[in-house]
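A.B. asks: Take a look at the following structure, please.
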Amino acid sequence: MRIIGIETSCDETGIAIYDDEQGLLSHQLYSQVKLHADYGGVVPELASRDHVKKTIPLIKAALAEANLTSKDIDGVAYTAGPGLVGALLVGATIGRSIAYAWGVPAVPVHHMEGHLLAPMLEDNPPPFPFVALLVSGGHTMMVEVKGIGEYRILGESIDDAAGEAFDKTAKLMGLDYPGGPLLSRLAEKGTPGRFKFPRPMTDRPGLDMSFSGLKTFAANTIRANDNDDQTRADIAYAFQEAVCATLVIKCKRALVETGMKRIVIAGGVSANKQLRVELEALAKKIGGEVYYPRTEFCTDNGAMIAYAGMQRLKNGETADLSVHATPRWPIDQLEPIV
């Protein structure tokens, strides 16, 4: 079975073709970073219009890369939510339309389930069950995963997502958009210990998180100090250290609560080198294992949607002829695969 996956939930247009025997056959990705750079963030209307322009050409490119035609495709998977409603509707409309034209089933995919299952694309996929840390610009949550669709949210951010806090703090520091990766790069030049940021909500029980206070703490620290390059690097180091430490503390608690020793980290922030190092150290300390996707599959992409869609189609799930987008869609509302 071959599935084409379409991802248009925010500011990346991703198309991929996945074969249940051969694995990933093609992967096309277009980022709208340059389009939104002048605005310092994603402009939903511009994102939607650009998806309209790019999705069909990328579908053609993905087919060409895999040396396939539409007749070789057995199903179409598209991101139906959560995300920007206009951007979602572009992918959903195109996905549902080409499925109808090609005479194959279509299946809506949950964006965060796609991220959660992205490590399954690797040569050493994680076996169930495990604890998943889904950490991106729009979501930060800890999920107990017993199987595909068997999700229990253990905790989540009550305000800003971790990736959002990275980007907003980077903007406060005068870094270009998107600032999160640039802040992490700047942090590599920072001096450990010069600044000490708090670890929010780690002094109380529970697995919920909060990152808006770190952004405020960073703003106050920036105002109170010189704006030379080394000071900015030291602040970036302290901020990243606090975010990573907070996430690792929560992961450790989640593993204790569930009795598990396997953790999956996925989403855009899962590409953060410091976070990976600290989670690997945690796993080694407890005799556990940590899994994450390759860097190109940490950000939004069509490969994760194609894979997740494959699992749903095999379970007999399909979409009707109507087009739906669900900008808010809790992951624990998904049906388990039987």
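Placement of Cβ uses the backbone N, Cα and C atoms for every residue, glycine included.
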A.B. asks: Swiss-Prot records HIS111, HIS115 as Fe cation-binding residues. Which of ASP229, ASP234, ASP300 is assigned to the same site?
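C.D. replies: That Fe cation site, as Swiss-Prot gives it, pairs HIS111, HIS115 with ASP300.
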A.B. asks: Among ASN67, ASN227, ASN272, which residue does Swiss-Prot name as a further substrate binder in the site formed by LEU134, VAL135, SER136, GLY137, GLY138, ASP167, GLY180?
C.D. replies: ASN272
A.B. asks: Around the recorded Fe cation site, report the further residues of that chain (criterion: Cβ within 8 Å of the mean position of the Cβ atoms of HIS111, HIS115, ASP300; site residues excluded), sequence-ordered.
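C.D. replies: Apart from the listed residues, the neighbours are GLU7, SER9, THR79, GLY83, MET112, GLY114, SER136, GLY267, ASN301, MET304, ILE305.
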A.B. asks: If one measures from the C-alpha of VAL135 (substrate binding site) to the C-alpha of HIS115 (Fe cation binding site), what distance in angstrom results, rounded to a whole number?
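C.D. replies: One finds 9 Å between the Cα atoms of these residues.
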A.B. asks: Among residues LEU134, VAL135, SER136, GLY137, GLY138, ASP167, GLY180, ASN272 annotated as binding substrate, what is the maximum Cα-Cα distance? Answer in Å.
C.D. replies: 17
A.B. asks: In angstrom units, rounded to an integer, how far apart are the Cα atoms of HIS111 (Fe cation binding site) and GLY138 (substrate binding site)?
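C.D. replies: About 11 Å separate the Cα atoms of these two residues.
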A.B. asks: For SER136 (substrate binding site), write down the residues of its own chain that are at least 6 apart in sequence and whose Cβ falls under 8 Å from its Cβ; none is a fine answer.
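C.D. replies: HIS115, ALA161, ALA162, GLY163, GLY267, GLY268, VAL269 - these are the non-local Cβ neighbours of SER136 (substrate binding site), listed in sequence order.
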A.B. asks: Can you see whether DSSP assigns SER136 (substrate binding site) to helix, strand or coil?
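C.D. replies: SER136 (substrate binding site) sits in coil per DSSP, no helix or strand.
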